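A.B. asks: Mind having a look at this structure? Questions to follow.
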Amino acid sequence: MESWQFPQGVHPNTSKPAIEPMASEASVPKREDFANLALEGPEPPSLSYELIGMLRKAVRYRSADKHFTLSVCAMSILHSLFPILEWSKSYSLKSFRSDIMAGLTLASLSIPQSIGYANLAKLDPQYGLYTSVVPPLVYTVMGTSREIAIGPVAVVSLLLSSMVQKIADPTLDLASYRKLIFTVTFLTGVFQFAFGLFRLGFLVDFLSHAAITGFMGGAAIVIGLQQLKGLLGLSHFTSNTDVVSVTRAVWVSVHEPWHPENLFIGCSFFLFILGMRFIGRKNKKLFWVSAIAPVLSVALSTLMVYVTRADNRGVKIIQKVDAGINSSSVKQINLNGPYVTECAKIALICAVIALTEAIAVGRSFSVINGYKLDGNKEMIAMGFMNVAGSLSSCYVATGSFSRTAVNFTAGCKTAVSNVVMAATVMVALELLTKLLFYTPVSILASIILSALPGLINVQEVCILWKVDKMDFFTCMGSFLGVLFGSVEIGLSVAIGVSFAKVIIHSIRPQVQILGRLQGTNIFCNIKQYPMVCQTPAVLTTRIDTSFLCFINAKFIRERITGWVTEKLDEIRSVVLDMSNVANIDTAGLAALEELREELLSHGIQMAIASPGWQVIHKMKLARLIDGTGEAWIFLTVGEAVEACLASKKVKGGDLEC
């Protein structure tokens, strides 16, 4: 196809200069010829072409200049799946020393937190430690983040316990409950891997930032209320997560015999951990103080209970923690049972929440260190590590913000710090589990409580209120849903409000009246720029939606016809600026045809300016251009307005602006 030569040496489909940037006057198209450019462009890419392009992006070759061979393709896939093959080439002994120190510091925080989160997930303590061994090792070879710390987290632990216990009660049948947890973990990994493989990361975006802010805040309060059982040393407690049920359970329990020693131990070490954290924040060189505070609290409280034998006076203790590294759980995964559908629903929710938290954490620290996090590779890595974890007695793992912050502050250089942390946890599983027998349950509650303030972002909620009220209501909807309903209700409200916001904006897009900025060929919204002047005989409008379709076509047509009706005696032409409309469907085409016929019945000419690639192509196929007329399709709004004025022989005074 013959290509046009454009002024200023710029090709229309690229940002690269043309071969002859200084074109002669004879080669530059005349002013009236520019209108033809909107009609004479090539056909847009077909759907099959776009799908093939997506597959090509999914598997990129390492080097575009290399000739395609099977070995090059295999190496490309290997380097794509295992980023460690790239960064390990420049790995140095200095980086290894930094990673060792960061990994040991990370382990001191991970061990007590993992035990506490296992308790929150209603699993035995060793399963939390298992989850800090296998998933971090898998992530190290497949992940793209240098700082993220992998392991169990509070929100996912709460999600699992609150939803899975509706299928199997862990207090009555712990074995069945454990099998369901491993099945959910396996399916979570499968979903995450599929998201990354098919580049479905947009599914994670269904939970907006505002929804996540509210959900995390509500979940943090629910988790904190759940810790009252361990903090008060209660034997019986509600399995519900809403604030009303928990408050009622606490009120009933405190009127029964209970042991205040549990509360004393938990509150004392809670204040100790917060104090150490304050010291660490005040003096950056003492960051390790806040990192070792949880493990130090476990050691001191365990020694205190053992020496005083406080367990004989009602202090709840962990008791037995199975020694040894991860055992196989392959036979416990049941994909043919009666609850597979329920497990898949839970797994999908956990997959989205875990990915949202991990990618948000990873990106926040990658920006600080000036490198790009590959979201699709992260999803594949998360999927692999959770599948591997489900086969080795682990439950759902993801990136933890608190532990990642410690890892970053400790000076980690690469994901090798996760390997050091996992190795340290292995040693603890082999040698130190017997020492945890007298660890009080209240100390685990205090460790979890100390990690919760980071999940509640009051400042962000205030910003949402100032900037976008709809986002604020989304945030509060998910927050209150989690707090007074359940985790599922909170998520449902968050997704529902987010979708409602998108649908409202799609149904009622902005349709603006434009005016010319005096002395220029620039057309602006008259409400935003009151100084612009309008041509009374020509109604110039801009449709601000990327997709003119069945959901908004009627609204747009009625809005324009309403303006025309108001000034029917003055208006002689209507110009539609469609520069923002990237695509259109049959309902949109029908709306344009109906609008043209209605305007024509009043003797008003309709002109279309700057239609998109897909739009003009579909208008040709639908023969809408034949009705409108090729002469009334323009490249710019200015050309369309001038043509309308010239055709109606408007007085010269209307042309000046």
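Positions of Cβ are set from backbone N, Cα and C atoms, glycine also.
Sharing the feature lines straight out of TrEMBL:
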type: DOMAIN; residues: 548-644; note: domain 'STAS'
type: REGION; residues: 1-23; note: region 'Disordered'
type: TRANSMEM; residues: 180-200; note: transmembrane segment
type: TRANSMEM; residues: 206-225; note: transmembrane segment
type: TRANSMEM; residues: 263-279; note: transmembrane segment
type: TRANSMEM; residues: 286-307; note: transmembrane segment
type: TRANSMEM; residues: 380-402; note: transmembrane segment
type: TRANSMEM; residues: 408-428; note: transmembrane segment
type: TRANSMEM; residues: 435-456; note: transmembrane segment
type: TRANSMEM; residues: 476-500; note: transmembrane segment
A.B. asks: Which of 263-279, 380-402, 476-500 has the most Cβ pairs closer than 8 Å to the transmembrane segment (435-456)?
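C.D. replies: Ranking 263-279, 380-402, 476-500 by Cβ pairs under 8 Å to the transmembrane segment (435-456) puts 263-279 first.
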A.B. asks: Between the transmembrane segment (286-307) and the transmembrane segment (380-402), are there three or more C-beta pairs closer than 8 Å, counting only pairs 6 or more apart along the chain?
C.D. replies: no
A.B. asks: Please identify the stretch among 180-200, 380-402, 476-500 with the greatest number of Cβ pairs below 8 Å relative to the transmembrane segment (206-225).
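C.D. replies: Looking at each of 180-200, 380-402, 476-500 in turn, the most contacts to the transmembrane segment (206-225) are made by 476-500.
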